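Undergrad: Pulled the feature table from Swiss-Prot, pasting it below:
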{"type": "REGION", "residues": "1-26", "note": "region 'Disordered'"}
{"type": "CARBOHYD", "residues": "N164", "note": "N-linked glycosylation site"}
{"type": "REGION", "residues": "345-367", "note": "region 'Disordered'"}
{"type": "CARBOHYD", "residues": "N643", "note": "N-linked glycosylation site"}
{"type": "CARBOHYD", "residues": "N657", "note": "N-linked glycosylation site"}
{"type": "CARBOHYD", "residues": "N668", "note": "N-linked glycosylation site"}
{"type": "CARBOHYD", "residues": "N695", "note": "N-linked glycosylation site"}
{"type": "TRANSMEM", "residues": "747-767", "note": "transmembrane segment"}
{"type": "TRANSMEM", "residues": "783-803", "note": "transmembrane segment"}
{"type": "CARBOHYD", "residues": "N894", "note": "N-linked glycosylation site"}
{"type": "CARBOHYD", "residues": "N1018", "note": "N-linked glycosylation site"}
{"type": "TRANSMEM", "residues": "1055-1075", "note": "transmembrane segment"}
{"type": "CARBOHYD", "residues": "N1420", "note": "N-linked glycosylation site"}
{"type": "TRANSMEM", "residues": "1445-1465", "note": "transmembrane segment"}
{"type": "TRANSMEM", "residues": "1478-1498", "note": "transmembrane segment"}
{"type": "TRANSMEM", "residues": "1506-1526", "note": "transmembrane segment"}
{"type": "CARBOHYD", "residues": "N1533", "note": "N-linked glycosylation site"}
{"type": "REGION", "residues": "1628-1657", "note": "region 'Disordered'"}
{"type": "DOMAIN", "residues": "1729-1785", "note": "domain 'DEK-C'"}
Amino acid sequence: MASRRMSMYSVTSEGMGGPRGAGQQSTSVSTTTLLNAIHNIYLASQPYRLDAGTSLVVNTWLTATQAGPDGEVGGTVDPALAARAWEHARRRAEDGCIILGSLHQSTPSVMKPFLRSFPVSLPSSVFKALEALDPFIHCVAPFNPSAPRHAALGVTLTMNLAGNVTAASIALSQAGIDTAAGLLSIPAEAGYRAFDVFYHLLSSASTPAEREFLGLKSASSYALLARSGTYDPPSYLPTADDGASADDLRAALKEIGIKGSSHRDFISTLAALLKLGDTLDYTVDEEVLEEVCEDVGGLLGVDPEVLAKQCTTEDRQTLVGGLYEALVDWVISKANQAIQAQLARIRDGDESSDGGRGARTPNSAEDNGDTVCLTILEVPDLALAKALAMRGIFDDSQGINSEMKQDGVEVASAGQSVLRETQNAVVEAGPLLGDMSGPKGRDRQHHLEKREEVLEKVGIVADDDCFFKKLLFPVSGQGIQLGQAGRLDIQGVLGSSRAWYHLSIHPTDDSPASLAALPSINSAWSAGTVSRQLRAWRLPEWANRRNKNLDFTADFDVEEFVQRYSILGCREGRDGIETWILERGWSNGEVVVGHERVWMRESAWWEAENMLDMKPMGDMPMGASNLMAPPGVMAMDTGYSHNGSGYFPPINDAASNGSRDQLLHQRNQSQATLAMGMGHSPGVAPSVAPSGLRNVSKGDYGLGGKGDNHRDEILFNNEGEFVGALDPELANNKKIEEQQTSKSRRMWVALVWAITFWIPSPLLRYVGRMKRPDVRMAWREKFVLCFIIFLLNAAIVFWIIFLGRLLCPNFDKVWTRDEVKQHQGDTDFWVSNRGKVYDISKFWKIPHGDVGNEATQDLMQPFAGLSMDAYIPPPLFKACPGLGIGDRLALVPNATETENSAGMHISGPGQANPTSGLADANWYPDVFLPRMKEYYKGELVWDASKINSEGQNQDHKWVIYDNKVYDLRDYFSTLKTMNNLAQYKFLDDSLTQVVERNPGTDVTGTWNGLLSNAQRNNLTTYTTLRNNMNCMDNYFYVGTVDFRYTARCQTNNYFLLAFAIIMCAVILLKFVSALQFGSKRRPSPQDKFVICQVPAYTEGEDSLRKALDSLTALQYDNKRKLICVICDGVLTGEGNDRPTPKIVLDILGVDPKVDPPALPFKSVGASSEQLNYGKVYSGLYEFEGNVVPYVVVVKVGKESEQSKAKPGNRGKRDSQILLMSFLNRVHHRAPMNPLELEMFHQINNIIGVDPELYEYLLMIDADTCVREDALTRLVASCASDAKIAGICGETSLQNEERSWWTMIQVYEYFISHHLAKAFESLFGSVTCLPGCFTMYRLRTADKGKPLIISDNVIRDYSDCYVDTLHKKNLLSLGEDRYLTTLMTKHFPYMSFKFNPNAFCQTAAPEKWSVLLSQRRRWINSTIHNLVELMTLKEMCGFCCFSMRFVVFVDLFGTIILPATCVYLGYLIYTVASGTGPFPLITLIMLAAVYGLQALIFILKRQWQHIGWMIIYLLAFPIYSFILPIYSFWNQDNFSWGNTRIVVGESGKKTIVAVDDEGFDPRSIPLQRWDDYALANNLPGRRGGAGPTEKMDHVFADAYEMDDMRSVYSAARPGSVLTGMNRNTAYMSPNSPAPYQHMSRSPTAYAGPTPYSDNPAARQSMVSMSPYQDTNHGRMMSMSNLRNVANASPVPTRAGTAMGFAGGSRAPLGQSEAARQSTMSFDFQRNAAGPDDFQIVDAIRAVLMEVDLDTVTKKQVRALVEQRLQTELVGERRTFLDRQIDNELANM
């Protein structure tokens, strides 16, 4: 056996990436970057390589129960670590120890899966032994369904250098098992169980005789098991059944030799332990104690008296724990015997090493006798694992670190905090490490001594031949050896072995039960939980320490080094070694020559070993050949070798563990070059900035220095005159074009000129400074629109305020008696008299009256609101002259009207007090009437129906004459009272008879007839009648007929009321639509692919970062969302210190030295502005543990634009069109421009998602923050309603209290969503989906018909010629609203919805000027868009509430906002001044409007909005008057370009002057992706078929080629469009997280690297290094795959061998079936492949193996294709689906 290398604590430190050229890592690893990378590998079920000797994996019980390609379960492990450990052991003839450490109590065991991934064949008995041992050392706990209760368990493998296992053993560490937690002191909480073996015992399907002999009962009958009340395994486990597990255990025990009498002794001991546990209660009854001890003594062969009398309760407790641990040791010893027996059979040739699955292992005669030991040490104890790892990594006082320091290698201190934590960890785990000096150690020592004493006391008196004694005394005559014999000395193993670390992380603190409900096995994730584990173990410091300073995985004595590598040119002596190192291109950091040793990093060592492998065996130097691969064993595949060396199996498509559902599992590469050749093709622009402006040392992303130091430069000539502007008026030297004008446009122009003909154009040109005809025309159009708006507003004000007065004058100057009665206040004191209404509020309090009759307030108060006719009658002889009435004659008034005698004012001779002024007969006409005239208000009116009713029904003697009402009731009653005395009958009988016969009627005609006849026949009679009529007017007149209810007066009111009712109905509907009381349950996770588009213009860094962070943090599957940032030009916003694209790229963590080429595409612009250039960047962005792919497109403009202020800027609409057009061409598989081809390549081949998979487009603004669940809610809404084409959520303000201007917007934002949009959403026709937060469906769910990416929408939305006022307002101001209008126009039967539960926040304008500008755009675009909507045909709904009507209401409401404000001001004035009737209905409507809104706030518990509503109302004049007026008048306030000038419109033609070279569409080459990919050897070709069904696991568009690079930006081959330099390429950096710690500098060894022109890109995978961080080497031809399929003896697991980046993975979309498939057929084009019978057989075989209750059809299809080793498409896919249904139906 080869000698052991002592104190080899080498922990390798190569990063996840490929070999580093520098000696030190350039970037430190932080917790965030490490957290990001861990999340990536968790999603991909891959390991993460922390350094060359350390791997991290993430596992849960879910991942541990998933079957791998070999059909076994166990979770994620790193086979590469096992392979590295083996290669170091065999090549260096040194022992190794792989520590499987757990960082969390919930992590499952990975011992068995790790052993299965080992690069040598292990005997099957090893796995059977571990299977048998598991129930003894694991138990159920709430935090882990298989919680380990042992400190450490080791499997030691002794192998010869040929890779044959010569010996193997299993052993517990000396710390043993925690029997307290697993048996004696189970927590009395639900969810805990004892060791699983006891439940298996009770559930075992043993014979009845066996159960009777053991006396077994239910688990609840045993005190040891009944503490927690949990007896069954967790129900969430897919195979949770103690009975089945018991059968498996019995079979496993039988395999390792525990059968027959041994099995009976074994189960007897277990039963005895259960029974003995019933005696551990201090209060146990003595009889019960004796009975139990009698039973236990019989099972164990021990005298019951010893157990009952000589052992205390504590002794029995110690006995139970010690005996159980001794039983476990016995099981392990039996297992080791079985392993040795199998190995003996293998050596004898009777059995193969892998149980018959492979070739026979050569016997011992075939090896040279040297052996090495590899110990796989599982350390589930958190404290022990942490102590072992941190001491080995950070402690410089021992191990390899100490040896390096002594040899002169600079070893930086780990830092005081790290060393302190390391020391604390070692102290904490001291007893487990054998250190008994501390308090815990002394307690542990006391426990062990006590246990030995009790076991010896009981064991001595046991029967000599009993099993019990054999357990306690396995070696006769040596006493109790428990914890020593057969145990593993961890300190000794580590002291003689090279240590490797395989650390298991758990992704969440959630209970295991909660994981069962997750949608996928990799869904559980808590960044805080993982971060806590990383920090607790100091893994960032670990990575930085190892990778920066101590990345040495091999070390040699100087002589040994020379001897081994002399054949490669290494010469003797230190100088010879250093010279050879320099020749190899290794820096001092890669190979360090110490005082006595040479220390090598992993990459350098493998390069040297690779060169040795390439040498013929005969050339090997002495001492080296025996360490090389022996005959018949393939050498390791290092990636640097050409013949391989047996390290890794061939890594190809079939070996990568990725799928399109597993994004972020590979390191992304961006595809651009650092430099271009001197020449370039016309189709591609050179780098944007001239070389003289580019900061090559610091990097500027290839965007130049514009905006960083000098902004908005204006070019002037030597004379200081502005240059570059066109002649704005004349079209000289310009190309003249003629365009057809639509009929509607011609009619509008005619109307404009008809209204504005009187305004001369010279006046506009010279006074208004409008030199251009199109600008003047826009002003005229604006004038006409404002004039029309003014007329509408004036009409509204006139209609509401003045029309009613014109139709019904004096309607507010009359009152009924009841209305008069309402005025009884101290300041509102009204009375009526003789048909007149008086307001005596200023009179009644004034003392007045005669001597002795002074009127006071108390006396006057009762008369308020009353009629004073009976109280103040005129003298009858004065009121009725010419009728012969005596001066004392008076009528008797109605008694009911003169109840208060104090009010009687009898004037004239009838006054009883001659001294009173009333005694004057002229007091009434001369004093009373003139004074009352001062307080006259109007006429008293009577309802005609009331007059008629009382006259006809109550014999009320009153009539109507000429609309005057005369009441003769007192006249007739006085006559009746006076018996018709002649003196009281002073009225003409002809008149009174009419009244008597027609009371309550209109007698105008009758009386007029009497007057006419008298006038014709008898003038005396006529004179008498006239005197009668005069008397009527003076004495009997009581008012006029109420005219306010006539048709003339009511028509306008009814019109207003009708509109009021309609408005109220709309408001009520809006209110109802806002009352959505449904629960806000979070929808289930969605699996749709979504592009999150963020157009960036001049936003600041804070806004951009918040927007990107919010998208990254969305609670949506990270692999199914893509952030697409489109920077609209290279320009610097106000307050920024650099251009917006640079800010975006800085945030995303892109390397500033990256300079992708500028690629042409067609923009939305006039003439030559349609040609634009853009750059594409891609990578990963990390925030709070979420890692999301991104694509950034920067519009950089043509070369001629670089001197302008805004190169590349074409507007937000162009940014939207850029992506929409790309997705349109992806959908139709149409030819693409170079920029789109590069975008397709970045998304499809680098990010790994077929762009056709994306189903939704989420549009947000760069200053918008989206709530975490918003995207899920929007997608869920669309998933539940396939008719939804667009949907938006609620937008609120994030800066609501920043200024007064933001405060007045809060309420408006809330109510515009919860009333307006919620109401429109009822019709499925939200008229404005805001661009700041809207999601569109890309294609219909049923037939895949394109929606927002349809040709019609893109054609209308990308109108390049925006040269009229209407188009300007549509496409330049309100592009978001117009996009909604176009969607509604082209897809009228689709729905556009509002989801109030999807929430985002945006930044509102904080300054008045900004608010003014924003609202100008909004208001004007609203008007013009609603006009467009009014013209649509399919806008009708149900009843009158059609969508067209709602649109009309919105349009009209926007236009008449100023009138609304004026009317509200008028109302306030009217109410405040009391100059008119109280507007009750209007105020009720206003109260209803805002009351319902307030009710919404209250019901939604948004109390704060009540306050915001008050602030909004205070600012109402601003919103309804100032902003609209300003907006209307500034409709033509645009920047008018000089490229195309409309110089005139005549008839059907528009004359346009063009001042540039124009745009030739042929200047932008177009090519289909498949043709482009085929011509340039790119993967991801999709074939000619249309879109196919997208599956979760298997995709029909598997990669076909052996490379993933962009023709525009990858190094090889040069772009067919750019002809770029072939010597350089760049690696696109990821976000500041995952891989900043990996150097990107190329190395000088082993030929080209991924960062140079790598010729290995097309080589067989045998020659590709798993260490190379590249995607080039991942692929190989199918023929090469088949040639090397069996080249390596190392078995491969699914997934790569080198973790996240060390081994390449397929991008998302490469499924497991695709990885294992070696061919892909389209049976429509290729007749090869399986026939129908083979497919049916495969389906039946798969259905026999899967769980039909949980498996999905897609999974069955994937498994069938995997079994067939073929991907089925076309008709074969259809047949497969149909046959699966048939088989399921027949089962």
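The count begins at 1 with the first shown residue.
Backbone N, Cα and C define each Cβ position, glycine as well.
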Undergrad: By a Cβ-Cβ criterion of under 8 Å, what residues six or more beyond either terminus of the transmembrane segment (783-803) are in contact with it?
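TA: Beyond its ends, the transmembrane segment (783-803) has Cβ neighbours at 751-752, 755-756, 759, 1052, 1056, 1365, 1452, 1455-1456, 1458-1459, 1462-1463, 1466, 1528-1529, 1531.
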Undergrad: How many neighbouring Cβ atoms, not counting its own, are there within 10 Å of the Cβ of N1018 (N-linked glycosylation site)?
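TA: Total other Cβ atoms inside 10 Å, all chains included: 12.
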Undergrad: Of N164, N894, N1018, N1420, which is closest to N1533 (N-linked glycosylation site) if I measure between C-alpha atoms? They're all glycosylation sites.
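TA: Sorting the glycosylation sites by distance from N1533 (N-linked glycosylation site), the top entry is N1420.
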Undergrad: According to DSSP, does N164 (N-linked glycosylation site) sit in a helix, a strand, or coil?
TA: coil
Undergrad: Select one residue from N164, N1420, N1533: among these glycosylation sites, choose the one with the most other Cβ atoms within 10 Å of its Cβ.
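TA: Of N164, N1420, N1533, the one with the most crowded Cβ is N1420.
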Undergrad: Looking only at the domain 'DEK-C' (1729-1785), what are its DSSP counts of helix, strand and coil residues?
TA: 41 helix, 1 strand, 15 coil
Undergrad: Could you check which of the glycosylation sites (N164, N894, N1420) sits closest to N1018 (N-linked glycosylation site), going Cα to Cα?
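TA: Given the candidates N164, N894, N1420, the nearest one is N894.
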Undergrad: Just to be sure I understand the packing, how many Cβ atoms besides its own are within 10 Å of the Cβ of N894 (N-linked glycosylation site)?
TA: 13
Undergrad: Can you tell me the three-state DSSP label for N1420 (N-linked glycosylation site)?
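TA: Where N1420 (N-linked glycosylation site) sits, the three-state DSSP reduction gives helix.
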Undergrad: Could you state the CA-to-CA distance between N894 (N-linked glycosylation site) and N164 (N-linked glycosylation site) to the nearest Å?
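TA: Cα to Cα, N894 (N-linked glycosylation site) and N164 (N-linked glycosylation site) are separated by 134 Å.
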Undergrad: Between N164 (N-linked glycosylation site) and N1420 (N-linked glycosylation site), how far is it from one CA atom to the other, in Å?
TA: 83
Undergrad: Which value does the mean pLDDT take for the domain 'DEK-C' (1729-1785) in this predicted structure?
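TA: Within the domain 'DEK-C' (1729-1785), the model's average pLDDT equals 83.
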